[in-house]
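The next block holds one structure in the form of C-alpha cells; read it before the comments.
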Amino acid sequence: MNLSEKSGWSIVNTYEKLPKKFYSKVKNANFLNPKLILYNESLAKTLGIDEEIEKLSEDEKAEIFVGNKPIKHTKPIAQAYAGHQFGHFTILGDGRAMLIAEQQALDGKIYDLHLKGSGTTPYSRGGDGKAVIKPMLREYLISEAMHYLGISTTRSLAVSLTGEEIYRNGMEQGAVLARVASSHLRVGTFEFASLNEKEDLKKLANYAIKRHYGEILTQNEENIYTKLLQNVIEKQANLIAKWQLVGFIHGVMNTDNMTISGESIDYGPCAFMNEYDVNTVFSSIDRNGRYAYGNQPSIGQWNLSKFADTLLPLIHKDEDMAVKIATKALSKYSLKFNKAFISGMKAKIGLLNNEDDYLELIQNLLTMMQEMGADYTNTFVRLTLKMGGKDGSYLQGTKELFDSSKFKIWQKKWLENINSSKIDKKQIFENMKKANPFIIPRNNIVEDVLKKASSGNFEEFNNFLNALKNPYEYKDKNKNYQELPPKTMQKYQTFCGT
C-alpha cells in the first residue's frame, strides 16, 4: 500500500537522532481534570490521524492533547536552542513546551506535534511551564487565520483545559495548545549548535537540509551549506513580504522565533495593523519599536545574518572566504524581499504587468495612506470594490483618503494604467479580490471573541474562525468583521501571553 493510501499514526521521531545536547527528555504531564475545548478536524485529516482520534473518547483525546498520555509509545522531549532577544544573546530552550511526536502525513511530509503549556522542562528557568486559556485560544485563532490567508505558518490542532487555575493577572484557567509545524528548527537552534563542536553543527545542518531542503542533495552543489543559507533567506524574504502585504506585525522577531522552514511561529504579541503607519508597534515589551511594522524586513535580514554566522565553519574552511560567500548570499535578501513585496503590491492594486511606473503609483498610495491615517485593509478592499463597480464608502477608515484631492489625482493615474493594461476589468476585479482580504483578525474583534470564549461561550469565536477560513470571499454577511476599534482601543497593546 502506498503511503498516500494509509491513514493513522505514522510516528518517525527523527529529531532524537541528533546528539543529545539538542534536547532533553521530559516526563508526561499530570493534569488531573483535562478537557478538550477545540479540535481541528480538517488539520487532523491532513495529518492522517483523524480516524485514530475519532476512536478515542473525549477524555482520552484530552489526555493526549495536554500531554498526560503518550501517542503509542513515544516519549516527549524539550528542544534546546538559544537566541537573540531584542538583540541580546541568551540560552533558551522549550521552557513550557514539549515535542510529543513527529507524524509522517499522507503527503509524506513530517510534522511536529508540539504541546505548549504542558509543564516544566529543564529549560524552564524558574517558570511554571504552564499557560492559560486566552493566549492559547489566541494562537489557535491567529495561526489558522494566517494559514487561510495563504501565509506559511505553524498550525493549531487542539486547545484543552488542564483543570487547573493558574495565577497570571489574577487566577485564570490553565490550558495547553497542540501545535503542528513542519519542524521547530529555529535560527536559535543553530545559534545553540554553534556553541558546541563543529561536528554537532554539521549534523544539525544535515538534518535541516534533509528535512526541509532535500532537493539540495540532488543538485550537485559545491557547498550544500551555502545552499541551505540561500534557501532559508529566500523563504524568509517571501514570508516577511507576505506579512507586510496583509499588515501583520509579529511583535517579537527574536532569532528563536525565526524558523528554518520559513513558517511563521509564536504568536504571543502579534497583531494586525489598522491605521497604516510604518511605525506601528503593539507589543508591550517592544518599547523602542525594534519590531515595528516598517522594521520587520530589515530585522529579518539581521536575523538571517546571525544564521549565516553559525554556518561559516561549514561554508568554507577559510574564514575570510566563508564570510565573503555568506555576505554575498545575504545581499540577495533585499532583492528577494522587494521582488515579492512589489509583486504583491501590484496585485493589490490590480496591475500585474512589469511596469516601473507602478512603483511610483504604489509608493504614492502608501504615502497618502500614512499621511491621512487610512485603514490598511479597508483601503485595499475599497479599491477592489471600486474596480468591481461596487460601493465601498461604508468602509471605516477610508473616507478622508478617498475624498481627498490627492487621492483623486492618484485614482486618475491608477485607472489610466488599468485601462492601458488591456485586461478585462471583471478579471482585474477577481484578481484584486485574491490579493486583498475582505476580513482579517481585527484586534478589537479578536479580543471580544476571546473574552467570551474564555468564559465558555464559543459561539462568536467559532463564527469568527469560520469567517476567517475564507478571508478573500467578499460576503456582505462578514461586513461586521471590518469594523474598526473604538477610540478607547487606539492604544491597543499585546502581551507575550503565549
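Each residue, glycine too, has its Cβ placed from N, Cα and C.
Per TrEMBL, the features are:
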BINDING   Gly93, Gly95, Arg96, Lys116, Asp128, Gly129, Arg179, Arg186, Asp266  ATP binding site
ACT_SITE  Asp256  active site, proton acceptor
BINDING   Asn257, Asp266  Mg(2+) binding site
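Least packed by the Cβ count within 10 Å, out of the recorded positions Asp128, Asp256, Asp266, is Asp128. Of the residues the record lists as binding ATP, namely Gly93, Gly95, Arg96, Lys116, Asp128, Gly129, Arg179, Arg186, Asp266, the two whose Cα atoms sit farthest apart are 23 Å from each other.
Ranking the binding-site residues Arg96, Arg179 by the number of CB atoms within 10 A of their own CB puts Arg179 at the top. The DSSP secondary structure for Asp128 (ATP binding site) is coil. Put simply, the residue listed as 'active site, proton acceptor' is 20 Å from Asp128 (ATP binding site) when counted between their Cα atoms. Neighbour list (Gly93 (ATP binding site), Cβ cut-off 8 Å, at least 6 residues apart, same chain): Ser24, Ala78, Gln79, Ala80, Tyr81, Thr121, Pro122, Tyr123. Annotation for Asn257 (Mg(2+) binding site): spatial neighbours Gly83, Arg186, Gly188, His250, Ile265, Asp266, criterion Cβ-Cβ under 8 Å with sequence separation of six or more. Cα of Arg96 (ATP binding site) to Cα of the residue listed as 'active site, proton acceptor': a span of 15 Å. When secondary structure is read from DSSP and collapsed to three states, Arg179 (ATP binding site) falls in the strand class.
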